[in-house]
């Protein structure tokens with residue numbers, strides 16, 4: 001039986017490989033808080049959209065898709081991590097390869113669909129604001145919307161067998177066994193490049209919205225779609241034009257900043273580990289925790305400025 005030090009280097013927990021019991025308990029409590037808050041917020045958004053007809057829009061369909069994916073992280077994966085962090089390092093639950101793959105599959109499925117939903121929402125809003133209404137209506141028919149949502153889950157299911165190898169981080173001093181072929185390093189590189197590409201597309205969409213809104217507030221007002229209420233800036237009652245443009249830009253940029261804060265640390269930690277040397281374990285833990293915390297924050301990111309959601313909640 002390996003001692004605690006050697007076992008911690010190859011712990012199947014995503015973040016909780018520290019020897020310190022205080023650190024493991026703190027991270028377990030943090031997971032528990034994120035799990036409860038994330039589950040409640042995601043369930044609330046799904047309930048509101050299905051209960052109120054005004055909220056049943058194409059943009060909200062993609063938001064609900066992301067909330068369903070985030071539930072697999074907040075309601076299914078995070079509680080397990082919270083409990084496992086309190087178990088001894090030599091617990092049989094930590095040793096089970098099948099259980100580790102199950103948890104890794106839940107995490108990879110949820111995060112992949114969630115990130116894809118971010119992009120679908122951004123592209124939907126970009127087409128709504130920057131293209132003609134006829135283009136939007138032709139592109140976002142109900143059948144096409146369903147296909148986009150189905151493709152996000154199909155892509156995630158294809159990637160699930162590739163990603164669980166990432167959920168077994170080791171320490172900088174003693175890497176985990178069976179990684180001599182370097183396949184987890186290449187998987188981490190592909191994951192980092194995929195998130196970078198998705199981030200670039202998302203920023204292109206939202207910055208395009210900012211440019212169009214700042215250049216022509218009249219263009220936004222004449223669309224008269226219910227989807228305008230799902231934008232990250234209020235649609236009614238409209239403030240003065242200059243203040244409206246300023247509020248629109250700040251809200252969109254704030255959404256982008258929160259998304260970048262959650263995703264980019266992991267990207268650059270992965271690139272650093274591939275091209276130079278592995279990052280310190282604490283930095284790896286912080287980057288993963290930021291990415292996972294997005295699953296709890298996503299419902300607030302897309303509804304906090306929506307008067308329709310606030311009215312439905314009341």
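Cβ coordinates are placed from backbone N, Cα and C, and glycine is handled just like the others.
Per TrEMBL, domain 'G-protein coupled receptors family 1 profile' is recorded for 41-302. Residues or ranges marked as transmembrane segment in TrEMBL: 25-50, 62-80, 100-123, 144-167, 187-209, 250-276, 282-304.
The average pLDDT computed over the domain 'G-protein coupled receptors family 1 profile' (41-302) stands at 77. Under the criterion of 3 or more C-beta pairs below 8 Å, with sequence separation of 6 or more, the transmembrane segment (25-50) and the transmembrane segment (282-304) qualify as touching. Using the rule of three or more Cβ pairs under 8 Å, pairs at least 6 apart in sequence, the transmembrane segment (282-304) is in contact with the transmembrane segment (100-123).
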